[in-house]
Amino acid sequence: MAFNDLLKQVGGVGRFQRIQVTLVVLPLLLMASHNTLQNFTAAIPPHHCRPPAHANLSKDGGLQAWLPQDTQGRPKSCLRFTSPQERPPFLNGTEANGTGTTEPCTDGWIYDNSTFPSTIVTEWDLVCSHRALRQLGQSLYMAGVLIGAMVFGYLADRLGRRKVLILNYLQTAVSGTCAAFSPNFTVYCTFRLLSGMSLAGIALNCMTLNVEWMPIHTRAYVGTLAGYVYSTGQFLLAGVAYAVPHWRYLQLLVSVPFFAFFVYSWFFIESARWYSTPGRLDLTLKALQKVARINGKQEEGAKLSMEVLRTNLQKELTMSKGQASAMELLRCPALRHLFLCLSLLWFATSFAYYGLVMDLQGFGVSIYLIQVIFGAVDLPAKLVCFLVINSLGRRPAQMASLLLAGICILVNGVIPRDQSIVRTSLAVLGKGCLASSFNCIFLYTGELYPTMIRQTGLGMGSTMARVGSIVSPLVSMTSELYPSLPLFIYGAVPVAASAATALLPETLGQPLPDTVQDLESRRRGKPRRQQQEQQKQMVPLQASVQEKNGL
């Protein structure tokens, strides 16, 4: 398309692209930390009831006299005796005296702070009858991501990618910092919800702003770079959480850097492609000329003019007279087809992904080690995904990553629970495939939707992903019916969803669509022929420049 020619005219992948892409993806390091932060800030340490205030432990026979034990000889977490017992309450799985009555922990709990000195669980006693509140914080965070995906995806198509990114950086910095100083759990949840909203906007606009400034052949590199930065953030979280085990300091440490991101984001250059779609050619020209200067192509930038842009962006200007709305995703057949297929892919990826990564304490090994392993597996997985994306295409990469992830999880469901090494290995492999699926779906979605509704489409896709992340914890409760049932559900959904990829067009080597007409031509299977006909009707860029300058 003509816009890709304009990008080549002002330097292709030059100094500007390298600088802006680096600065835009840098916040993804800490976005990964926020997404799984509650694995550490809401970790549940071993705990037991606090004895009554009037208890005399030296006279009563010690702390154990007040604590009933389970069949493995460990103190029960949520019960204590109403009066001290003369001997251990359980012996070989049976109660020793048979007369000890128990009661809830009315005087609070004593926590083992050796691994987690301070978490929201220990500070606000989110255990026993209040245990469900622990998940509420994560659920509200994910609900915020869902809301943010819809709101900021829509606003980015109306106000531009740069303005929304600036707002998102500031909101994340303020809400994340305030969460660290929360006086109670209600305030904490409120600020976590606001953080989720803004981080959703960052994820969406980071990818789009970068992709819209890159030539066709380099878009996959941008998507892969963003994925690797996110994976590196998982390593970063494990190290930072180990060094800073206090939840308030950890929350503060992953939030304050967004103030710096907010400051330098004012120097971002808005997407010239977005400017051209609403028909603001004067701003498009200024943006392209500024990029040309940064890339050392000042002469080529000076040759651009309003007349050249009108000639080469004729189709975009014609179609921009009517702004697309979110309802177009359902009203237009081509967009509806994309929306339904991509929604299923987004939902399945997130549903299975968060089913694995938000249960790190369930592996029975160091939570820090599992966090590192889960981050490490992303590196080779995303490298393979990148090679497939660039050689075979987006569609086979998306299908294979979902299919393999689902198979790993399904097989995990039939492995005996005492085979911890095999089960953990399968979970790690499945997580790597799902991380690759996320990497691919961001790029694939951005390339499938036309410019005028690209952010709205990405926002709706991310919304479906958040629905998956909210539903995922509910599925884990089915383990009460059958221990492996959650794994069967987590595995079946991505396997079934992978079939939807076959209904989508391939975008490898294809120009970004700007209009619904481009989608219709893809559905007819004639994108390249239509492109050739357009090129015959359109005045070539170089010829226009030469004519303008009397050459």
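Placed from the backbone N, Cα and C atoms, the Cβ positions cover glycine too.
Computed from a predicted structure; not experimentally measured.
Asn92 is the residue among Asn39, Asn92 that Swiss-Prot describes as N-linked glycosylation site. Screening Asn97, Asn113 against Swiss-Prot annotations picks out Asn113 (annotated as N-linked glycosylation site). The record in Swiss-Prot shows differing topological domain names for Gln9 and Ser420, meaning opposite sides of the membrane. Remark: the transmembrane segment (136-156) makes no contact with the transmembrane segment (485-505), by the rule of 3 or more CB pairs under 8 A. Proximity of Asn113 (N-linked glycosylation site) to non-local residues of its own chain (separation of 6 or more, Cβ distance below 8 Å) is seen for Pro45, Thr122, given in sequence order. Counting residues 6+ beyond its ends, the transmembrane segment (249-269) has Cβ neighbours under 8 Å at 16, 20, 23-24, 26-27, 30, 33-34, 37, 40-41, 162, 165-166, 169-170, 172-173, 175-177, 179-180, 195, 209, 213, 237, 240-241, 287, 290-291 in the same chain.
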